[in-house]
Structure formats: structure tokens, C-alpha cells
């Protein structure tokens with residue numbers, strides 16, 4: 001009697017998980033680090049796990065189910081850790097409908113989506129399906145088999161119920177029928193009913209009280225009845241499921257009535273006993289008459305009939321209790337011992353996360369935002385200090401300090417100028433600047449080409465998508481490329497803006513270079529040439545040891561100390577490192593969301609508060625020193641002898657000092673620009689890879705969608721058949737009855753029966769046909785046979801009956817036909833009939849029209865009878 005329903009597994013196409021995940025890991029984590037290598041190995045293991053779980057047929061045992069559960073747990077674990085989407089990590093998963101068997105012109109229905117939620121739903125479906133198959137394979141004659149079956153049916157019910165609640169939110173479009181909410185909801189109820197049936201079998205085996213067994217059976221009957229009601233009006237499950245559900249409903253109801261009748265007998269309610277046994281017998285009779293192909297209830301039927309016969313006999317001879325109507329009986333109670341097992345990840349008890357140390361995407365995004373805030377704070381503080389240093393150098397250069405207090409002889413190069421000259425020469429001089437400026441346009445052009453190529457890929461794919469959308473209209477059901485590419489195009493626009501600003505910055509650097517190139521060239525010359533290029537002046541009166549010179553030297557020394565302190569502060573700002581991962585993870589665990597701004601600002605104030613205070617103090621200290629230097633320099637200028645030669649010399653020295661500052665700034669800016677372009681190249685290459693990956697994924701999705709569209713178009717019914725013209729329906733000059741409509745092509749051809757004996761050969765016109773010729777049963781009024789043309793030869797065999805025959809039942813014996821002629825070829829496939837083949841004068845007639853004949857000989861085909 002026990003017939004259990006199990007679910008077929010869905011089939012999928014192979015997907016390489018490792019390649020896109022490894023790309024993301026390499027772009028996200030530092031190159032060459034142990035962390036990156038570990039995650040790359042984990043991605044390879046994940047790809048192997050998918051192949052083991054869904055890429056091959058699975059046996060019906062616990063080990064195969066454990067592999068499926070491990071894969072499901074793993075994809076649930078990585079979902080928050082990787083940005084799976086159509087425009088980031090784009091993985092297209094293709095799954096076939098588990099219940100669709102395909103058609104003549106195409107395979108089974110399948111759906112391809114770039115959604116990890118879709119993959120999760122399909123894998124969980126397979127977990128439930130395999131659990132149902134394992135449960136159905138159990139030996140229910142022992143407690144262990146009953147226990148395993150009940151556990152797996154309840155798990156399958158919970159898994160199907162989980163899919164019902166989550167599938168629509170996980171997918172961006174309608175799912176296939178097998179994972180639609182209606183279908184999985186029905187499957188969940190079927191699995192729950194079978195779990196209840198297992199508990200009923202357990203109670204029966206343990207010989208529990210009949211009242212309890214009756215309640216368990218009645219509850220199982222309700223579950224089966226509800227499942228049957230849900231699916232009988234929807235063509236979603238295989239057809240063989242419906243009769244099994246109906247039979248199980250009746251059988252469980254009969255069991256409930258049977259055990260309740262035993263309870264009634266114990267309570268001396270003999271009339272109720274008979275009424276319940278009669279109802280049980282009727283239910284089992286219905287099952288035996290309608291569903292005997294699916295379930296065997298002979299033993300149970302005999303058991304009920306024996307009990308009913310004994311009860312009637314005892315009641316008729318002893319008790320004489322009135323047999324009540326069924327509607328007057330008290331309803332049987334219900335007791336459920338099953339419930340759908342909720343899906344709580346991890347499901348597998350042996351699960352180990354391959355990416356255990358990887359943080360969720362929300363934490364990664366918060367860390368990226370925190371690092372950006374940190375970089376902004378550090379860069380802002382460093383920029384303030386560098387601007388202050390540049391300002392100080394500019395003020396000193398305009399005052400010709402410290403060269404003014406060093407140049408007392410008027411005919412030698414001041415020591416500060418010599419130091420700056422040696423520094424310029426050591427850094428490569430003007431040749432370094434020339435080389436760096438020459439490289440900038442090449443770097444810029446390379447970046448532009450990468451960006452243009454990336455956007456070209458998007459443009460081409462979008463144009464193709466638009467063309468196909470215009471061609472197929474509403475059939476083209478996927479996200480439009482122009483919507484999908486909006487983030488990428490915004491990113492590309494941002495890169496374009498960055499390049500435009502870089503071009504402007506390059507122009508400013510070149511302008512500065514042209515303005516100060518000659519002075520920098522002079523600063524690169526040897527000391528004798530440099531000294532010769534500087535105008536000499538009359539020896540100034542000795543001011544060494546004067547108070548104003550000593551004050552200036554002290555102020556300049558303090559300013560140098562401030563500059564050195566800034567270098568230390570800059571290093572301190574760059575070296576501070578604090579990992580916010582733990583704080584973000586704690587916030588995510590406690591609140592479910594991360595308030596990144598509040599957490600980051602608080603932590604940055606704590607870590608960098610002291611350093612930023614020192615930066616502001618350094619700026620204020622420099623401001624005071626520069627004011628004092630300017631005041632002291634005014635006094636120094638008044639004391640210094642003034643003449644034209646001295647003024648000209650001082651101007652040249654100022655220009656040389658300014659040239660040094662400009663050289664340092666140019667080299668720094670050019671190196672920064674080169675570094676910027678090289679780093680931008682890496683970013684643009686990643687952007688190009690991202691564009692290339694998504695375009696490739698879209699092309700793959702497009703090909704799958706086109707294939708599905710072709711199959712769906714092929715499955716669509718063709719145009720209505722053209723009605724047969726009137727002149728083809730009967731021979732000329734006759735009114736023979738219309739032949740029966742040929743069988744539809746979906747009906748298997750009926751095996752032909754031996755035909756009736758044919759009538760005797762047609763005699764000459766002066767002799768009548770034999771009145772004793774046999775007539776086939778059911779034939780209509782025969783049309784007169786065509787008269788024999790005088791002088792023509794008689795036919796080589798008996799003429800066939802001049803009346804139509806029904807499909808599959810030819811009414812005449814096969815006679816020699818023209819080469820290639822097959823009178824059954826078109827009739828088997830319901831093809832339209834061409835015009836009647838007219839006979840030539842003097843030609844022996846063909847048999848009467850069974851079906852319209854053919855205008856030309858057809859290729860040889862296999863007929864029902866061998867050709868003679």
C-alpha cells in the first residue's frame with residue numbers, strides 16, 4: 001500500500017565560480033599577501049564544491065545530501081561577502097525545470113539569471129528533492145527507517161516552504177513553474193502529509209491505542225486532501241501525482257474509520273462500528289476501482305471486509321443495534337506529530353566556511369569609507385603643512401634670505417646658493433625635469449585609450465541589446481543594458497573628468513617650467529660659471545656680529561626647526577594605522593546596520609586629534625616667525641649699503657633661490673603626476689576588466705535567451721490547417737461519403753487489423769458484379785465502380801472496394817503500386833491532401849478513394865503492410 005511521492009532534482013549548466021571571485025579578490029586585497037592567496041584557494045574549492053553538488057548525478061544516500069547542504073550553506077555564507085550583481089560580480093546560473101520533459105523541437109524549459117538568490121533557491125530545491133528520494137528509499141519495517149523517513153520528509157517540507165516564502169524576492173522575474181510559490185507550497189504540504197503517514201505507520205507498528213491511530217490517520221488524510229485540492233486545478237506537477245494524492249486521502253480516511261470502528265466496538269457501539277466499516281469499505285472500493293494502478297489495497301480491503309462481515313453477523317444475531325447514518329457519527333479527532341523543519345543556516349553540521357575570515361560586503365564598504373575619511377584627514381593636514389613650508393620659502397626667497405646675511409663680500413657665491421645648486425645637480429638637474437615632462441603626454445594618452453575601449457565595449461553591447469529588444473519586443477525579458485550600465489557609465493564619466501583635470505594640472509606645471517627653466521639651467525652650472533653669472537657688488541661694510549644679523553640668524557634657525565618638525569609630523573600622520581573591522585562587525589551584529597560616519601568620525605578624532613593639534617600649532621608658530629623675520633629684514637636693509645650693483649646682485653640671488661624652490665616643486669609635481677597616471681592606469685585596467693566581464697556575461701545571457709526564444713517559438717502551434725477544397729472531398733461526378741478525419745498526430749497509430757476479403761475481379765460491362773461479394777461492416781453506400789474502357793486490359797488483381805475506410809483499418813489488400821507510392825505516408829502525419837490524381841484514358845483504375853490520392857509518386861516510406 002505504501003507508495004510515496006519523491007521529487008526529481010533540477011539540472012544545471014556548469015558555472016566557473018573561481019574566475020570572477022578570484023578577480024574580485026585580487027582587486028580588493030593586497031597583491032602578494034597571504035590573505036589574498038588564501039581567499040583565491042577558497043574560491044577554487046568553492047568551484048569544486050559546486051561541481052560535486054550539482055554538476056553530476058547524485059546517489060540517494062546521506063553523503064550526497066550532505067554535499068548539497070554544504071554547498072547551500074557556503075553560498076549563503078558568501079552572499080554578504082561578495083557583491084553579486086549584474087554590474088559587479090556577474091555570475092549567470094542556468095537551471096532547467098525539474099518537471100518539464102521538453103518537446104519534439106526543444107529541450108526542457110530553463111531559466112538563466114545573474115542572481116545568487118536564484119542559485120540558492122534551486123540548490124535548496126535539490127536538497128529537498130534528494131531528501132524526499134532518500135526518505136522514499138527507507139525500509140519502513142523497522143524503527144530506524146521510519147525515523148529517517150520522517151526526518152527527511154519534514155526537512156523537505158520546510159525547505160520547499162522556505163523557497164515559497166523567499167523565491168519571488170530572490171528573483172528579478174517570474175521563476176520556472178517548479179520553484180513557483182504555488183508549486184513548492186503544494187510540495188511542502190505533500191511532504192508534510194507523507195511525514196504524518198510515517199508516524200501513522202509507526203503508531204500502527206507499535207500497536208498504539210486505536211483512538212490515537214485514528215487521529216493520526218485522519219490528520220494525514222486532511223493533509224493529502226489539502227494537497228490534492230491545491231494541485232488538481234493547476235498543471236504544475238507530474239500527472240501521476242494526482243491519483244496518488246487522491247488514493248492516499250481515501251486510504252488514510254479509511255484507516256481512520258477502521259480504527260475508530262475498533263474503538264466503537266470496545267465501547268459497545270456496534271451500529272457505529274458497522275457504519276464506520278461500511279464507509280471504510282466504500283473508500284477502499286473507490287481506490288481499488290480508480291487508482292489500483294498506483295496503489296495496492298487488496299490486503300487492507302480484505303481486512304475491512306472481514307471485520308465488516310463479522311460485525312454485521314454479530315449485530316444481526318446478537319446485538320441488533322441500529323446502524324446510524326454516516327452524517328450522524330461524531331467526527332474523528334485529529335492529531336499532528338509533524339511540522340516543517342525551518343531552514344536555519346548552516347543546515348549541515350559539518351559545515352566549515354571557506355571564507356571564514358572574509359568580512360561582509362557592508363563591512364568592506366564601511367572600511368573603504370573609513371579609509372577614505374582617514375586619507376582625506378591625513379592629506380588635508382599634510383597639504384596645510386606643505387603649503388606653509390612653500391609660503392615660508394617664498395617669503396625667504398623674496399627677502400634673499402639667508403643669502404643676504406651670508407653675502408658680505410659681494411663677489412662670491414653665497415653658501416646657501418651653492419647648497420641649492422649642488423642639490424639640483426644631484427637630483428639630475430634640468431634633464432630630469434625635461435624627461436618627466438616628456439613622459440606625461442604618453443601616460444595620458446594610454447589612459448584615454450583604455451577608457452575609450454572600455455566605453456566602446458559597453459556601447460556595442462548596448463546597441464545589440466536595443467536591436468534585439470526592438471525585434472522581439474516583450475519577449476526580450478531581461479534588464480535593459482542602458483539601465484544596467486548606468487553605474488559603469490557614471491564611473492567612466494568620473495574618470496573622464498579626472499583626466500580633464502589632470503590635463504589642466506599638466507598645463508600649469510608646463511607653464512611654471514617655461515617660466516623658470518633658464519634660471520634652473522643656471523643653477524645647474526658649476527660653481528665658477530655660476531659665480532661668473534652673478535653680478536658682483538662693492539664690498540659691503542662689515543655687518544658680521546651686528547645685532548640685527550644675529551636676530552635674523554636666530555629666527556631663520558627657528559624656522560628651520562619648524563620645518564623639520566613638520567617632516568616628523570607628516571611621517572607620524574602617515575604611519576598611524578588602526579583597524580576598524582572589529583568595531584564595524586560589532587555594530588553589524590548588534591544593530592544589523594553600520595553607522596559608518598558616526599563610528600569613523602569618533603575614531604578619527606581619537607586617533608588623530610593630537611597630531612592635528614600639533615599641525616595647527618606649527619602653522620601658528622611659523623606665522624609669528626615670518627612676521628618677526630620681515631621686521632628684522634627691514635632693519636637689515638636700512639643698515640646695508642645700497643647701490644645699483646648690490647641691488648642687481650641681490651635680484652639675481654633671489655631668482656636663483658626662487659628657481660631652486662620651483663625646481664623642487666616641479667620635480668615633486670611631475671613625479672606625483674607620473675605616479676597618478678600609473679595608478680590611474682591600474683584602476684582603468686580594472687574598470688576595463690569589469691566592463692569586459694559584464695559584457696561577456698551579457699553576451700552569454702543573450703545567447704541563452706535567444707536559444708530559449710527559438711525553442712519557445714518552435715513549440716508554438718503553427719497556423720490553423722487550411723480546409724480541404726470541395727473538389728478534393730469526392731470524386732468527379734460522384735457523391736461518395738466524406739472520409740473520416742484522420743487521427744491527430746499526437747495519437748499513436750492504431751495497429752491495423754487484417755482486412756476483409758476483397759470482392760472478385762471486375763467483370764466486363766455486360767456482366768453484373770457478384771451479389772455474394774462480402775461487404776465490410778459499417779461501410780457506407782458504395783459509389784459505382786468506374787466502367788472499364790473497351791479494349792483496355794483488365795486490372796492484374798481484384799479491384800478494391802469503392803468506399804472509404806477508417807484510419808488504421810484499410811479495407812483492401814495491398815496491390816502493386818507505382819514505384820515510391822505509399823498510400824499511408826500522409827495519413828499518418830495528418831498532412832493536407834493534394835488534388836486527385838486523374839487517370840489517363842485507357843489506364844486501369846486505381847482502387848476507390850480511401851483517402852485523397854497524391855499528384856506525384858512519393859519517396860518510399862515504411863507502410864503498415866509489406867509491399868507486394
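Count begins at 1; order follows the chain as displayed.
Each residue, glycine too, has its Cβ placed from N, Cα and C.
Residues annotated as N-acetylalanine in Swiss-Prot, with experimental evidence given as evidence: 2. The N6-acetyllysine annotation in Swiss-Prot covers 215 and rests on a large-scale study or a structure entry. Feature annotation from Swiss-Prot assigns phosphothreonine to 479, 738, 741. According to Swiss-Prot, the phosphoserine annotation covers 481, 730, on the basis of a large-scale study or a structure entry. Among the features that Swiss-Prot reports, omega-N-methylarginine is placed at 745. Annotation comment: Swiss-Prot describes 176-868 as region 'Interaction with EIAV p9'. Annotation comment: Swiss-Prot describes 418-868 as region 'Interaction with SDCBP'. The region 'Disordered' annotation in Swiss-Prot covers 713-809, 832-868.
Sparsest Cβ environment among the modified residues 479, 481 (other Cβ atoms counted within 10 Å): 479. Annotated pair residue 481 (phosphoserine) and residue 215 (N6-acetyllysine), C-alpha to C-alpha distance, rounded: 59 Å. Taking a C-beta cut-off of under 8 angstroms and a sequence separation of 6 or more, the residue listed as 'N6-acetyllysine' has the following same-chain neighbours: 256, 332, 333, 334, 335. Averaged across the region 'Interaction with SDCBP' (418-868), the predicted model reaches a pLDDT of 70. In the three-state DSSP classification, residue 481 (phosphoserine) falls within a helix. Taken residue by residue with DSSP, the residue listed as 'N6-acetyllysine' is part of a helix.
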